[in-house]
Amino acid sequence: MSGGDTRAAIARPRMAAAHGPVAPSSPEQVTLLPVQRSFFLPPFSGATPSTSLAESVLKVWHGAYNSGLLPQLMAQHSLAMAQNGAVPSEATKRDQNLKRGNWGNQIEFVLTSVGYAVGLGNVWRFPYLCYRNGGGAFMFPYFIMLIFCGIPLFFMELSFGQFASQGCLGVWRISPMFKGVGYGMMVVSTYIGIYYNVVICIAFYYFFSSMTHVLPWAYCNNPWNTHDCAGVLDASNLTNGSRPAALPSNLSHLLNHSLQRTSPSEEYWRLYVLKLSDDIGNFGEVRLPLLGCLGVSWLVVFLCLIRGVKSSGKVVYFTATFPYVVLTILFVRGVTLEGAFDGIMYYLTPQWDKILEAKVWGDAASQIFYSLGCAWGGLITMASYNKFHNNCYRDSVIISITNCATSVYAGFVIFSILGFMANHLGVDVSRVADHGPGLAFVAYPEALTLLPISPLWSLLFFFMLILLGLGTQFCLLETLVTAIVDEVGNEWILQKKTYVTLGVAVAGFLLGIPLTSQAGIYWLLLMDNYAASFSLVVISCIMCVAIMYIYGHRNYFQDIQMMLGFPPPLFFQICWRFVSPAIIFFILVFTVIQYQPITYNHYQYPGWAVAIGFLMALSSVLCIPLYAMFRLCRTDGDTLLQRLKNATKPSRDWGPALLEHRTGRYAPTIAPSPEDGFEVQPLHPDKAQIPIVGSNGSSRLQDSRI
C-alpha cells in the first residue's frame with residue numbers, strides 16, 4: 001500500500017454479535033474502510049516508518065480494546081446518537097436502519113402492501129371485465145398473466161427497494177442515467193393521489209348521506225328529481241314510514257321507456273352530488289359538501305402518516321382487514337337473495353370461444369398490471385422500510401395472490417346483488433351491470449335500496465370503499481414523501497419529515513379542489529384514463545431493461561442472493577429477462593391498438609381535453625429521456641460513449657444502505673480521496689485517530705478526548 005493510500009484508511013475488525021468487539025489477531029483480519037466519524041485517542045507508541053499501516057492499526061486496536069477505551073468510545077457514540085434523536089424510543093431499537101426506520105414487524109408490511117394493491121379497482125373494475133370477457137373463461141388468461149407477469153414484476157420491485165433501502169429515486173444509484181424512471185413514478189403517483197382522494201371523498205359523502213332512515217336516492221320525490229325519474233320503488237305508496245312494493249305498472253313503464261327514463265340513484269349522483277355541468281370546460285361552482293369531504297379525506301391520510309410507516313403500520317391492522325369483513329357480510333347477505341344465483345352464474349359461466357380473442361388477453365394483462373400497482377413507486381417505497389434480509393420473495397407471492405383472490409371474491413359480492421336487482425326488475429343482468437363510478441355510486445346503491453334496512457347495508461358498502469381507497473392512498477403519499485426525504489437526505493429534513501408529509505397533503509388537497517367542481521367528474525375520468533395508462537407500461541418496461549440488461553442480470557441475481565440467502569428461482573430469472581418484458585410490450589401495443597377516445601355516458605370529450613390527457617401521460621414518460629440527457633451533460637468523459645458508460649454504471653454508494661450488510665463486492669477496502677466527495681480529516685500530530693464508523697456519514701461527532 002502506497003503512502004498516499006494510507007492517509008485516511010481505518011481498521012474495522014470483525015465484531016461478535018453477543019460479546020461486543022473482538023480484537024483481530026493478525027493484520028489480514030483488518031478491513032480498511034472510509035472515515036465517517038472520528039474519536040481521538042492519546043498518542044501510541046510502536047509505529048515506526050517500517051511498520052505497515054495494518055500492523056500499526058492492529059496495535060492501536062489491541063491497546064484500545066485491552067485498556068477498555070474502545071467500549072467507552074462505543075458507549076459514548078451510542079449516547080451521542082440517542083441525544084441527537086437517532087435512538088428516540090424503545091421501538092426504534094428494533095430497527096436496523098436508525099436513519100430511516102423500519103416496519104414494526106413483517107405483518108405491518110404485508111398488510112400495508114395488501115392495502116396498497118387491493119383498491120377500488122378490485123371492486124368496480126375486475127367483476128365487469130370478467131363478465132364482459134367470457135365470465136369464468138376470463139380467469140384462465142387472468143391467472144396466466146398473474147404467474148408470468150404480475151408476480152415477477154411485484155418481486156422485482158420489492159427486492160429492488162429492499163436491497164437499497166431507498167425510495168423510487170434513491171434506488172437509481174444502480175444506474176444513475178435512469179433516475180428519470182423514478183421521477184416518472186413520482187409524477188404518476190402525484191396524478192393518482194390527486195384524483196384517488198376525490199373518489200374517497202365522494203365515498204365519504206355517500207357514507208354520511210346513508211345515516212338516515214330512508215336513503216335519499218331511493219325515490220323520485222326529491223327536489224332535484226326530474227319528470228324522467230322512474231324508480232324501482234314508488235314513493236306514492238310510502239305511508240307511515242313503511243317501505244312500498246314496486247308496482248308492475250311502474251316497472252313496465254320503466255322498462256318500456258328505458259332510454260328516456262332515469263333512475264333516482266342516477267339523478268342523485270348527477271343532479272345532486274355532482275350538479276354536473278354540460279361541458280368539461282364549464283367548471284361552475286365548487287361543491288362545498290364535496291370540498292369538505294375532500295378535506296376530511298386528506299386529514300385522515302395525513303394523521304395516519306404523521307409518523308411515517310410507524311403510524312401507518314398500525315392503522316393498516318384495521319384498514320387492510322376490515323374490508324374483508326364487510327365483503328363477507330355483503331356476500332352472505334347477497335347469496336341469500338332471490339336471483340343471486342343467476343347473477344353469480346352470469347359472472348362465472350365460461351365462454352371459451354372468447355379465449356381466442358386478443359382483447360381478452362389484453363384486458364387480463366392490463367388488469368393484473370394496474371391492480372398490483374406496478375410502476376407507481378409504492379412497492380419500491382414500502383419495501384425500502386423492510387429489514388435487509390426479509391424474505392420479500394415470499395411476500396410478493398402472498399400479496400399478489402391475495403390481491404387477485406380479492407378481485408374474484410369481490411365479483412361474487414357484486415354480482416349476487418346485481419343478480420337480485422335484475423331479478424327484481426325482470427331484466428337481464430347485463431342491463432344492470434356497470435363498472436367504475438357507475439357501479440360504485442349508481443348501480444350498486446340502487447340495488448341496496450331494495451334490501452331491508454337499506455341504510456345499514458349502504459353504510460357498510462361505502463365504509464368498505466373508504467377503507468379500500470385509504471389503503472392505496474397511504475402508499476401514494478408515502479411514496480412522494482419518502483422520495484423527497486431520501487433525495488435531500490440531510491438530518492434536518494429527516495427530523496422534519498412530518499412537515500414534508502403535511503406539505504404534500506396540503507398540496508394534494510389544493511390540486512384536488514377543481515375536481516370537486518361541477519365539471520370535476522370529467523377531469524377525474526380524464527386523469528384516470530390518461531395519467532396512469534400506457535405511461536405505467538413504458539416505465540415498467542424501461543425499469544426491466546435497466547436492471548436486467550444495463551446493470552446486468554447476473555449482478556442483480558447476486559444481489560438478491562446476498563440479501564435473501566438464495567438466488568431468485570430460475571422461473572423468475574427467465575421471466576425478468578424475457579417473458580415479462582415481452583408481456584409488457586404486448587400490453588403497450590394492445591393499449592395503442594385498442595385506443596378509443598374517452599367518453600362519459602353520452603358526452604364526447606373535446607379535442608383540447610384529450611390533448612391535455614396525452615400531455616399528462618407524456619409528462620411522466622418524458623422524465624426518462626430528459627433526465628438521461630441532463631445526466632449525460634453532467635457526466636465526465638472524453639467521448640459520448642465514455643459518458644454513456646459512466647452515466648449508466650452504478651454510483652459509488654449503490655448497494656445496501658448499512659455498512660454491516662455491505663459484504664462481498666460491496667465491502668469497501670480503501671478510503672476514497674477528498675476529491676471523490678468524502679471529507680477526510682488530516683492526521684493530527686499529537687494524537688492517533690481511530691475512526692468509529694457511524695450510521696450516517698453525512699454528520700460527524702465532535703472531537704472526543706478520553
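Heads up, residue numbers simply count up from 1 along the chain you see.
Cβ atoms are placed via backbone N, Cα and C, with glycine included.
Keep in mind the model is a prediction, meaning the values are calculated, not measured.
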Same-side flag (membrane), ASN225 vs GLY655, source Swiss-Prot:
no
SER265, SER698 - residue that Swiss-Prot labels as phosphoserine:
SER698
Given 1-26, 79-104, 157-182, 625-650, which one carries Swiss-Prot's region 'Disordered' label?
1-26
State the mean pLDDT for the topological domain 'Cytoplasmic' (1-108).
50
Near the transmembrane segment (136-156), which same-chain residues lie under 8 Å Cβ to Cβ, leaving out any that are not at least 6 residues past its ends?
129-130, 348-352, 354-355, 360-361, 363-365, 367-369, 372, 374, 379, 392-393, 396-397, 399-401, 404, 408, 540, 543-544, 547, 568, 572, 575-576, 579-580, 583-584
If I count Cβ-Cβ pairs under 8 A between the transmembrane segment (610-630) and each of 188-208, 315-335, 360-380, 407-427, 450-470, which range comes out on top?
188-208
Tertiary contacts of the transmembrane segment (530-550), as residues 6+ beyond its ends and Cβ separation under 8 Å:
153, 156-157, 160, 174-175, 178, 181, 184-185, 188, 191-192, 195, 369-370, 374-376, 556, 576-577, 580-581, 584-585, 587-588, 591-592, 598, 613-614, 616-618, 620-621, 624, 648
Run the contact check on the transmembrane segment (315-335) against the transmembrane segment (506-526): 3 or more C-beta pairs under 8 Å, excluding pairs closer than 6 in sequence.
no
Using a cut-off of under 8 Å between C-beta atoms, tell me which stretch among 109-129, 360-380, 407-427, 506-526, 570-590 contacts the transmembrane segment (188-208) the most.
506-526
